[in-house]
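The block underneath contains the structure these notes are about, expressed in structure tokens.
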Amino acid sequence: MGIFLLFLVLLAVPQAAPESDTVTCRKMKGKCSFLLCPFFKRSSGTCYNGLAKCCRPFW
């Protein structure tokens, strides 16, 4: 019984942890910038828990 409960908890833990905003930015082919986004890039979210901007290309 105890092993079964441990197995259920181990399956639930990775699904409960949300993906960080930095990982989400990198998956969308963005780069993190603490200043303004460079030319030909637009801000589309945050990085480093809201401390930086996620800059992605226009196209």
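Every residue, even glycine, has its Cβ placed from backbone N, Cα and C.
Just so you know, the Cβ of C25 (disulfide bond) picks up 22 other Cβ atoms within 10 Å once every protein chain is counted. What Swiss-Prot lists as disulfide bond is C25-C54 (among others).
Secondary structure from DSSP puts C32 (disulfide bond) in a beta strand. Per Swiss-Prot, disulfide bond is recorded for C32-C47 (among others), and the stated evidence type is similarity to another entry.
Feature annotation from Swiss-Prot assigns disulfide bond to C37-C55 (among others); the stated evidence is similarity to another entry. Counting every protein chain shown, the Cβ of C55 (disulfide bond) has 21 other Cβ atoms within 10 Å.
Residues annotated as signal peptide in Swiss-Prot: 1-18.
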Let me check the 10 A CB neighbour count of C37 (disulfide bond). How many other CB atoms are there?
17
Structural state of C37 (disulfide bond), classified by DSSP into three states
coil
